[in-house]
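Asker: Relevant sequence annotations retrieved from Swiss-Prot are reproduced here:
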BINDING   Leu121, Gly125, His126, Leu127, Ser355, Pro356, Phe357  (6S)-5,6,7,8-tetrahydrofolate binding site
SITE      His229  site 'Plays an important role in substrate specificity'
MOD_RES   Lys230  N6-(pyridoxal phosphate)lysine
Amino acid sequence: MFSKQDQIQGYDDALLSAMNAEEQRQEDHIELIASENYTSKRVMQAQGSGLTNKYAEGYPGKRYYGGCEHVDKVEQLAIERAKQLFGADYANVQPHSGSQANAAVYLALLQAGDTVLGMSLAHGGHLTHGAKVSFSGKLYNAVQYGIDTTTGLIDYDEVERIAVECQPKMIIAGFSAYSKTLDFPRFREIADKVGAYLFVDMAHVAGLVAAGLYPNPLPYADVVTTTTHKTLRGPRGGLILAKANEELEKKFNSAVFPGGQGGPLMHVIAAKAVCFKEAMEPGFKAYQQQVIDNAQAMAQVFIDRGFDVVSGGTDNHLFLVSLIRQGLTGKDADAALGRAHITVNKNSVPNDPQSPFVTSGLRIGTPAVTTRGFKVTQCVELAGWICDILDNLGDADVEANVASQVAALCADFPVYR
């Protein structure tokens, strides 16, 4: 029998030590990975609740197990809040991740071998948009579009040309490393021209969309997916949204369960409900605007210091820095910044001569530091420190100096106050 007083401490100190070390790392390091953020204690409370004990295969009111009357209410709250937040008619809150939400869309709308058109991973797309190593590239005939390497922007006429040539059944608009605004009406126009479904993956910008600071794809897309972390600041999880279409709704529901998943994670769905409510609070829009302001200010510092920022800047929460001209690799830059307690991720850039394990770029994002309370002043200072390290790569004295300044800044802006 379990006791309410059971604790990890004293029972599994090896695990607790690793957990505590990670929490301390989050406090002591500046987090600039664009897909990472900090959740509220309310989100964590939901995830650590007794809801983790409940199996609930099926959907509210249509479960395969008994005892679901309360978790039905939890899931329905999450569904209604998601619909309200994004102006959707349909929401499925059960996907365990963004990739599983995307897989459900493929399963619902396509047959194996069908042609899909998505953004190349090397140009800012995502693994699930047709990369050869992903199910999306293994099970489907994946054709890729990219950016114009001169402008750093998507060439929609070129996307249209490719679509006319390959006649995809589905076109994917979305990214993991593209810093400009997607033209959803133009994507809709292209999809209609070739009779394709338009699938928008807004995982990176969902928080900006919810705040009204980035175009909402719902009026244009046949289906939209997102993660619930990143700019939404919720738990790790996925979400599917759509306009009213009973036939497609049934397909999406069946593709999630039983098509790709079994029982939903009710404790995570409760945490999603919390984060959707938080995203409807008045301060959420101000937070998202600060995310954009901080990213734009940081990108400008890199430009002023002589670095190439892909696409020439950013409209959202992230930007890519190309290190090709400096002759540096993303791997070495990532490691040097890590020694100074600044966490970024190496990232491929267009025409990258290096492998994806080495790369010639860095992806930098501001959601986490903005949650921490950083404003433009702190982000400009931070960008300068990063440039100092890149200009003196491998210089231990420079790294140590930056690390001491990072420590002071982190002390001034704790993750949880």
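Cβ coordinates come from backbone N, Cα and C, glycine included.
I'd like these features described in context: how deep, what's nearby, how far apart.
Answerer: In the three-state DSSP scheme, Leu121 ((6S)-5,6,7,8-tetrahydrofolate binding site) is classed as helix.
Counted within 10 Å of its Cβ, the other Cβ atoms near His229 (site 'Plays an important role in substrate specificity') come to 27, all protein chains included.
Around the Cβ of Lys230 (N6-(pyridoxal phosphate)lysine), the same chain contributes Ala34, Ser35, Glu36, Asn37, Ala203, His204, Ala206, Gly207, Pro367, each under 8 angstroms and 6 or more positions distant in sequence. Secondary structure from DSSP puts Lys230 (N6-(pyridoxal phosphate)lysine) in a helix.
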Asker: Of all the Cα pairs drawn from Leu121, Gly125, His126, Leu127, Ser355, Pro356, Phe357, the residues the record ties to (6S)-5,6,7,8-tetrahydrofolate, which distance is largest, in Å?
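Answerer: 16 Å is the greatest Cα spacing among the residues binding (6S)-5,6,7,8-tetrahydrofolate.
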Asker: May I ask for the distance between His229 (site 'Plays an important role in substrate specificity') and His126 ((6S)-5,6,7,8-tetrahydrofolate binding site), taken between their Cα atoms and rounded to an integer number of Å?
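Answerer: Between the alpha carbons of His229 (site 'Plays an important role in substrate specificity') and His126 ((6S)-5,6,7,8-tetrahydrofolate binding site) there are 16 Å.
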Asker: Between Leu121, Leu127, which of the binding-site residues has the fewest other CB atoms within 10 angstroms in the structure shown?
Answerer: Leu127
Asker: Would you count the other C-beta atoms found within 10 angstroms of the C-beta of His126 ((6S)-5,6,7,8-tetrahydrofolate binding site) for me?
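Answerer: Excluding its own Cβ, the number within 10 Å is 23.
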Asker: Validating a neighbour-count step here. Other CB atoms within 10 A of the CB of Gly125 ((6S)-5,6,7,8-tetrahydrofolate binding site): how many?
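Answerer: Other Cβ atoms found within 10 Å: 24.
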